[in-house]
Amino acid sequence: MVDIANSFSWRDSRLQRAFAALPIFALTLLMLPAARMNEPIAPFLDNAAKRSLFELNGVSVPVIKEFFGIAILDEIFSTISLAFVQLISFADPGSYWQSLCFLTDFSAMYAIWMFESCRGANKKTLYEFPIVIALAAQIVTVGICGSLYFYMLYIFCSWEKFASAKGRSIDAAYAAAVLPSILVGYLVPLLFSYFHPSLESRHWWCWVWQIYPIWTSPILVGLGMAFQSIAKPARHLEPVRITVLGLVIINTSVYWYTIANSGMSLWDLFIAKHLFEVPQDSATALRTILQYDWLCSFGAALIWLGYSFLDLKAAGKCTIGGIQLVVSAGLIFALLGVGNTLLLGWLVREEILVTWNGNPTSKNINKTD
């Protein structure tokens with residue numbers, strides 16, 4: 001019998017994994033030039049804050065400056081919520097459609113963060129607390145925080161931690177709590193922010209949505225504890241599949257709604273046209289930041305997922321060919337959107353981990369060294 005922990009020893013060098021995952025880290029660096037886009041945005045937002053009124057392209061929305069009654073939260077999120085008025089008010093149609101699709105798709109990435117927080121291998125690590133990375137992403141951008149999350153996850157959640165069934169497993173009770181947590185704490189306020197008939201109400205709901213990690217985390221913990229008595233530890237894939245199905249339906253609906261109604265190509269919506277050249281108008285600048293946010297966050301997640309499949313193939317656990325994976329991902333991307341591509345790919349990985357029998361097949365890792 002082969003010692004699985006030793007067979008993965010060459011991959012468990014954190015330095016080697018950090019070097020191998022540099023393409024993920026590179027996406028974090030790509031967000032740094034994009035930060036220059038704030039130059040035309042800051043004066044516009046300062047003026048709107050002073051007047052307590054957002055005005056752009058004929059759209060006028062009274063600004064809420066204080067919402068939570070907690071000074072530090074109001075101070076942090078007042079400017080962010082003000083900037084989001086451009087996205088949710090249709091003052092800039094491109095920003096509206098791009099951010100609607102992007103932020104709905106992000107529910108897939110957030111679900112992965114939540115599922116990974118319930119995995120045995122991630123217990124007693126920072127990954128056990130998705131509230132930390134999610135709040136940081138709201139303040140610093142998910143393009144930076146998401147890229148760093150997946151870069152560090154690849155380094156520190158090495159295959160040595162998957163040597164035991166306990167390390168690979170996800171807590172079934174908490175897995176069952178992921179979908180209601182995301183629906184109530186993330187998607188409901190987000191969709192009200194975009195679809196409520198009143199622009200003032202959209203602005204109000206956007207304030208609620210801004211701190212979604214604070215809403216979703218206690219729901220996850222509370223329901224996870226409540227479900228402990230009825231959850232079946234050996235069958236955690238059932239709630240995982242239900243969660244994936246629910247989010248796939250929602251994300252696909254928004255994706256095709258965007259395609260049908262935006263009047264813009266996906267290329268124009270999601271691919272930035274500026275990097276070193278800063279746009280003169282604040283609307284284009286903000287839309288550009290979101291485009292890089294989308295590219296870097298989902299790009300990092302998909303590269304991490306690709307590396308995970310390479311590890312599985314090296315372990316002899318994945319029989320899916322590389323070309324088949326890439327073609328399948330491309331088709332899903334075109335038909336269902338990037339969020340579902342990531343989530344369904346992660347589900348396939350999870351299905352493989354569940355069937356792991358604790359020993360590599362004859363395709364020993366050492367033979368690939």
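Counting begins at 1 with the first residue displayed.
Cβ atoms here come from the backbone N, Cα and C positions, even for glycine.
Annotation comment: TrEMBL describes 18-35 (among others) as transmembrane segment. Same-chain residues lying 6 or more positions outside the transmembrane segment (18-35) and placing a CB less than 8 Å from one of its CB atoms are 141, 143-144, 147-148, 150-151, 154-155, 272, 275-276, 288-289, 292-293, 295-296, 299-300, 303-304, 307.
Look at TrEMBL and you will find 67-88 (among others) tagged as transmembrane segment.
With a threshold of 8 Å between CB atoms, the same-chain residues lying at least 6 positions outside the transmembrane segment (95-115) that come near it are 86-89, 127, 130, 133-134, 142, 146, 149, 170, 174-175, 178-179, 181-182, 186-187, 190-191, 194, 216, 220, 240, 243-244, 247, 250-251, 254-255, 258, 261-262, 264, 269-270, 283, 286-287, 290-291, 293-294, 297-298, 301, 337-340, 342-343, 346, 350. Summarising the annotation, TrEMBL assigns transmembrane segment to 95-115 (among others).
According to TrEMBL, the transmembrane segment annotation covers 127-151 (among others).
Taken from TrEMBL, the feature transmembrane segment applies to 172-195 (among others).
Annotation source TrEMBL lists transmembrane segment at 207-227 (among others).
If one looks beyond the transmembrane segment (239-259) by at least 6 residues along the same chain, the residues whose Cβ comes under 8 Å of a Cβ in the stretch are 97, 100-101, 104-105, 107-108, 111, 115, 170, 172, 175-176, 178-179, 182-183, 187, 231, 266, 269, 336-337, 339-340, 343-344, 347, 350. The transmembrane segment feature in TrEMBL is assigned to 239-259 (among others).
Taken from TrEMBL, the feature transmembrane segment covers 289-310 (among others).
Taken from TrEMBL, the feature transmembrane segment covers 322-348 (among others).
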Does the transmembrane segment (322-348) come close to the transmembrane segment (207-227), meaning at least 3 CB pairs under 8 Å for residues 6 or more apart?
no
Looking at the transmembrane segment (127-151) and the transmembrane segment (289-310), are there 3+ C-beta pairs under 8 A, with each pair at least 6 apart in sequence?
yes
